[in-house]
Amino acid sequence: MSSSSSSGAATGFAVCSDPQKSFSKMFKRTVILLAGPTGSGKTAVSLKLAPLVDGEIISVDSMQVYQGMDIGTAKVSLADRKEVPHHLIDVCHVQESFNAVDFYYHAVQACQDILSRNKVPILVGGTGFYFHTFLSGPPSGPSPDFVLREQLTLEAQERGISALYQELELLDPVYAATITKHDKNKIIRALEIIRKTGSKVSSYAWQSTVNESKEYHCRGWLLSPDPELLRHNILERCDQMLEEGLLDEVQALLAAGIKGNSSASRAIGYREWIEFLDLGSPPDLFEITKQKFITNTWRYTKKQRTWFKRCSLFRELRPMGMTLDDMAKKIAQDYFLCG
């Protein structure tokens, strides 16, 4: 995995709320955030936006960091990456771990590099907790309690990991919305923190120290398409991924050892087909597995929308009647007005 920048990297992000404020002082220190649920079109919009603001894109996707996870993550093509520079894509092998803290230091390092060349960082993605960490600093938390962790691991075996996830949803719905009910390690660690301290995991992340210098100014937009359009996009997206060779990609990842990484192997679009292949690819289960893939993707988009709508930094942009160019121009105009 690529080396991270030092832990002393500058942080501190502020929202620019005054359109009349001169952007001459802040212009090249402003970071654009473009978020949205899976299938909202944020990648396509970002590729139109980058040339308008002389920007480079930083991926905010917890799975696009992995080499070989291309089709199932809708990773931007190599041709598009040649046209618009991208960062935090293909950072590590599927057997390596990569978490929010790793993302934070990589993203800050990328921002500093982009800004040093007088260009604009554009953070694009749908992983809410990574945006959260970028804005507030790396999550802090108590030291591991291995006795409690072992107890929770036994509970997971006895009650099932879904039962522990339901408990987490009740105790810390904000954090629970950022992970899946299959992410055993994160669920157990979250409950370990909650039971040990009585505090929510999400509150630890937001309480991280923010640099008083407010070196960066963040402007956030949330693509928020109509639910019916989003559902249509997801159906098309899942079909397209299968046509492009998702099953072959999963086979290659199994050979590369993806099962050694619980986060990567449980990612939506991969876990369903890993299970299918493990069962010997029975033809009668193909359509059932495909429906699971679609359903799980749709459920995840609902969680994404819930998370982003709770974050006041993002201003909603509804694509109804707008082309990709229209949306990119709208964001660019707002950006130049505020800086």
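Glycine is treated like the rest: Cβ placed from N, Cα and C.
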Correct range for region 'Interaction with substrate tRNA' (source Swiss-Prot, candidates 61-64, 93-96, 209-212, 257-260) | 61-64
By CA-CA distance, flag whichever of T38, G39, T43 among the binding-site residues is nearest to T127 (site 'Interaction with substrate tRNA').
-> T38
Given the recorded positions K42, R149, which one is most crowded in terms of C-beta atoms within 10 angstroms?
-> K42
Considering the recorded positions T38, S40, T43, T127, which residue's Cβ sits among the greatest number of other Cβ atoms within 10 Å?
-> S40
Taking the region 'Interaction with substrate tRNA' (61-64) alone, what is its mean pLDDT?
-> 96
Around the substrate site (T38, G39, S40, G41, K42, T43), what further same-chain residues have their C-beta within 8 angstroms of the site's C-beta centre?
-> G36, P37, A44, G126, L223, N233
Min neighbour Cβ count (10 Å) across binding-site residues G36, G39, G41 flags G41
If H, G and I count as helix, E and B as strand, and all else as coil, what does DSSP give for T38 (ATP binding site)?
-> coil
